[in-house]
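Going by TrEMBL, these are the annotated features:
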{"type": "TRANSMEM", "residues": "33-54", "note": "transmembrane segment"}
{"type": "TRANSMEM", "residues": "131-151", "note": "transmembrane segment"}
{"type": "TRANSMEM", "residues": "188-208", "note": "transmembrane segment"}
{"type": "TRANSMEM", "residues": "220-237", "note": "transmembrane segment"}
{"type": "TRANSMEM", "residues": "243-266", "note": "transmembrane segment"}
{"type": "TRANSMEM", "residues": "286-305", "note": "transmembrane segment"}
{"type": "DOMAIN", "residues": "311-383", "note": "domain 'DUF1736'"}
{"type": "TRANSMEM", "residues": "372-391", "note": "transmembrane segment"}
{"type": "TRANSMEM", "residues": "403-424", "note": "transmembrane segment"}
{"type": "TRANSMEM", "residues": "430-449", "note": "transmembrane segment"}
{"type": "TRANSMEM", "residues": "458-476", "note": "transmembrane segment"}
{"type": "REPEAT", "residues": "499-532", "note": "repeat 'TPR'"}
{"type": "REPEAT", "residues": "533-566", "note": "repeat 'TPR'"}
{"type": "REPEAT", "residues": "601-634", "note": "repeat 'TPR'"}
{"type": "REPEAT", "residues": "703-736", "note": "repeat 'TPR'"}
Amino acid sequence: QIFNQHNAEAPNLEPAFHRMAQMEPNLDHDVSWFLLPSYWAKMVVALISFLCFANSYDGDFVFDDSEAIINNKDLRAETPLGDLWYHDFWGSKLSSNTSHKSYRPLTVLTFRINYLFAGGFYPVGFHVINIILHCTISVLMVDVFSILLGGLQFSNKGRRLNLAPKSSLLAALLFAVHPVHTECVAGIVGRADLLCALFFLLSFLGYCKAFKENKEGHTFSVFWVLVSVVLGAIAMLCKEQGITILGLNAVFDALVINKINLLELIRKLLYKDKSLENAGLLRKGLLFRIALLMCGGAGILYIRWRIMGTGPPAFTEVDNPASFADSLFVRAINYNYYYSLNAWLLLCPWWLCFDWSMGCIPLIKSVSDWRIIALAALWFCLIGLICQALCSEDSHKRRILTLGLGFLIIPFLPASNLFFRVGFVVAERVIYLPSIGYCILFTYGFSLLSKQAKKKKILAVAVLGILLINVMRCALRSSQWRSEEQLFRSALSVCPLNAKVHYNVGKNLADKGNQSAAIKYYREAVRLNPKYVHAMNNLGNILKERNELHEAEELLSLAVQIQPDFAAAWMNLGIVQNSLRRFEEAEQSYWTAIKHRKKYPDCYYNLGRLYADLNRHIDALNAWRNATVLKPEHSLAWNNMIILLDNTGNLAQAEAVGREALELIPNDHSLMFSLANVLGKSQKYKESEALFLKAIKANPNAASYHGNLAVLYHRWGNLDLAKKHYEVSLKLDPMAPGTKENYNLLRRKLEQLQKKG
């Protein structure tokens with residue numbers, strides 16, 4: 001497990017190795033900040049990071065949580081655990097053409113554990129785990145920043161020394177309270193980023209532990225290098241960015257462990273300088289460790305490729321319009337503009353939005369667009385930092401700037417569109433890890449200002465003010481993530497041109513029954529994006545329910561014209577055509593929907609209703625049977641089969657179907673009611689009564705349940721009970737059809753019996 005390398009020309013290698021930061025200038029010397037013992041520093045960071053996001057603990061499932069958690073079958077116990085390794089983050093098969101190829105099985109496993117322990121979809125447990133994860137990561141940041149800012153040095157007893165306690169505390173606080181992290185912490189789906197970051201940092205700390213001198217005096221441990229690779233693999237199984245830690249470990253090894261001057265090394269390589277042999281690459285085992293990291297990374301990527309296959313993820317133009325641009329120039333300009341926006345979110349995280357697609361950021365198509373200034377500013381700053389990182393005579397400055405840029409840029413590469421198309425324009429969650437680099441650069445910049453400033457306390461107060469503002473911004477943003485209504489409405493002022501924002505506000509209003517307001521937002525979504533088929537579909541649905549059938553048909557027809565394989569729109573179009581009594585067209589629309597989505601129980605159900613209206617009873621029963629085969633808990637399809645068989649006099653068959661349905665859905669009161677009606681007609685009064693009473697217990701305010709039970713008692717001869725339930729039914733619904741007439745008949749019969757008595 002221990003790699004022992006001998007070099008006759010470097011007899012004092014090990015002592016120098018463990019005093020690598022001793023002669024470098026101390027960053028803390030110029031930083032006017034609080035000096036706390038390590039334990040207290042971590043307690044402060046944990047407490048403040050908790051306060052930032054504590055108010056999100058009892059929030060709802062919002063936005064992507066519905067698809068990744070509530071609708072994800074991989075969370076349920078009936079799904080074999082092995083399936084998690086062949087499904088994407090959303091529960092779809094990786095081999096499917098519609099899969100986004102987001103392979104995060106370990107994150108899904110934690111969701112599943114949450115679900116099992118909570119006994120269902122209760123969001124509190126999910127939110128609490130996210131908050132704990134962010135607090136843990138923020139505490140680990142104290143150790144990580146102490147290494148990145150102060151260097152790696154161990155005491156004689158083998159304990160790692162914190163050479164920059166003030167700087168590492170400041171950087172960790174900046175990370176803990178950064179508002180851009182709210183999406184990862186307050187949004188449950190952000191668990192992927194949090195778990196990835198946790199194992200990302202553990203991999204880095206494990207790699208650092210490889211250089212702790214052991215009793216035999218060996219320079220590094222192969223075991224801890226391999227542990228670091230394994231932890232990097234675990235990070236990648238939580239989210240794709242995790243693999244980048246292997247590259248960062250190599251950068252850290254070269255800059256901190258081997259103190260390589262990159263510019264000098266490049267010059268020697270270009271001029272084939274013979275002094276390369278003494279450059280320390282082989283002397284300290286750097287090439288061997290990099291080979292281990294590369295082999296580990298290649299192996300991880302190969303296994304992932306074998307599981308996922310070679311097919312690219314399926315994204316649409318609205319997800320990432322720049323990646324669909326024909327011109328290479330337009331793509332390059334817009335990608336760089338997106339980078340500048342990410343940088344701005346790190347510098348000034350005030351305008352935050354849950355979604356930046358769908359016209360939120362219009363494409364730059366010409367160099368005359370004023371937004372080109374943002375690109376120029378970004379590259380001016382980056383080139384300046386890179387030049388300082390390469391050319392500065394101060395080795396300490398070179399090291400910190402290079403590490404800061406490395407942690408800023410390398411974890412962002414998977415989201416950069418450089419290697420493959422991603423499914424978003426800007427996403428706040430993907431800069432959770434790159435913000436580490438930002439915190440390094442900010443802290444180093446603060447140390448330089450402190451060195452020049454005469455009144456250092458004023459500068460410290462200013463930084464403290466930034467931290468307090470960020471804490472308040474985190475608390476405010478966390479409260480917005482507590483419910484979909486607040487989250488979606490908060491985006492209207494940030495991205496008023498984003499059609500998806502208006503769509504989601506409209507959907508939220510529609511779910512709450514406010515159809516008039518929902519129509520307004522759906523219309524605005526369609527206006528902003530005339531090809532937004534989902535908005536057309538939902539708007540068409542509402543108009544259909546309001547009996548505005550012709551406009552609904554126009555919208556749904558346009559939706560299927562734009563996206564011919566949109567199965568839901570085809571089904572809804574069929575419903576509208578059925579309502580307009582254009583039965584042949586409706587049938588054709590239903591079958592087109594089924595063609596594009598073969599397992600579509602709701603469409604079979606609606607097709608059955610069409611056949612029932614046309615008195616094609618066999619076809620109707622077959623369609624409903626298909627619906628129940630595809631979805632055994634489809635209560636409406638079961639009910640319609642029972643009712644149709646009952647109405648056509650097939651009582652025995654209706655009874656058999658009813659019993660089959662109740663075995664599958666034993667607590668469905670509507671099925672109990674339908675079967676009870678059939679049993680009553682078959683003169684199985686006792687069993688019918690029991691089912692009626694059970695249905696009434698489940699739904700005591702259903703007038704029809706009481707009314708039909710009264711009819712049963714009426715037939716059975718239990719007139720007093722019949723009178724009682726007729727009266728309850730009429731009290732619940734005075735206009736209940738047939739109930740008043742039956743009640744009057746019963747009263748006359750009771751009067752006649754009294755007279756005879």
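In case you wondered, yes, glycine gets a Cβ from its N, Cα and C as well.
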Could you name the stretch, out of 372-391, 403-424, 430-449, with the greatest number of CB pairs under 8 A to the transmembrane segment (131-151)? 430-449
The recorded stretch from 33-54, 243-266, 286-305 sharing the largest number of CB pairs under 8 A with the transmembrane segment (403-424) is 243-266
Determine which residues of the chain contact the transmembrane segment (243-266) at the Cβ level, with the cut-off under 8 Å and only residues 6 or more beyond its ends counted. 17, 20, 147-148, 151-152, 200, 203-204, 207-208, 211, 228-229, 231-233, 235-236, 276, 279-281, 284, 286, 289-290, 293-294, 296-297, 300-301, 389-391, 395, 398-399, 402-403, 406-407, 410-411, 413-414, 433
Would the transmembrane segment (188-208) count as touching the transmembrane segment (33-54), if touching means at least three Cβ pairs under 8 Å and pairs must be 6 or more apart in sequence? no
Please work out which recorded stretch in 33-54, 220-237, 286-305, 430-449 has the most C-beta pairs separated by under 8 angstroms from the transmembrane segment (458-476)? 33-54
Mind checking which residues of the chain, 6+ beyond the ends of the transmembrane segment (33-54), have their Cβ under 8 Å from one of its Cβ atoms? 130-131, 134-135, 138-139, 141-142, 162, 165-170, 172-173, 176-177, 182, 185-186, 460, 463, 470-471, 474-475, 478
Residue counts for the domain 'DUF1736' (311-383) under DSSP, helix then strand then coil, are 36 helix, 0 strand, 37 coil
Restricted to the domain 'DUF1736' (311-383), the mean pLDDT of the model is 88
Would you confirm whether the transmembrane segment (286-305) and the transmembrane segment (430-449) meet the contact rule of 3 or more C-beta pairs below 8 angstroms, pairs 6 or more apart in sequence? no
Other same-chain positions with a Cβ less than 8 Å from the repeat 'TPR' (533-566) and lying at least 6 residues past its termini are 499, 502-503, 506-507, 510, 515, 518-519, 522-523, 525-526, 572-573, 575-577, 579-580, 592, 596
Using a Cβ-Cβ cut-off of under 8 Å, list the residues of the same chain that are 6+ residues beyond the ends of the transmembrane segment (220-237) and lie near it. 1-3, 103-106, 195-200, 202-204, 206-207, 209-212, 214, 243, 245-246, 249, 284-285, 289, 292-293, 296-297, 300, 304
Secondary structure composition of the repeat 'TPR' (703-736) [DSSP: H/G/I, E/B, coil]: 28 helix, 0 strand, 6 coil
Could you give me three numbers for the repeat 'TPR' (499-532), the DSSP helix, strand and coil residue counts? 27 helix, 0 strand, 7 coil
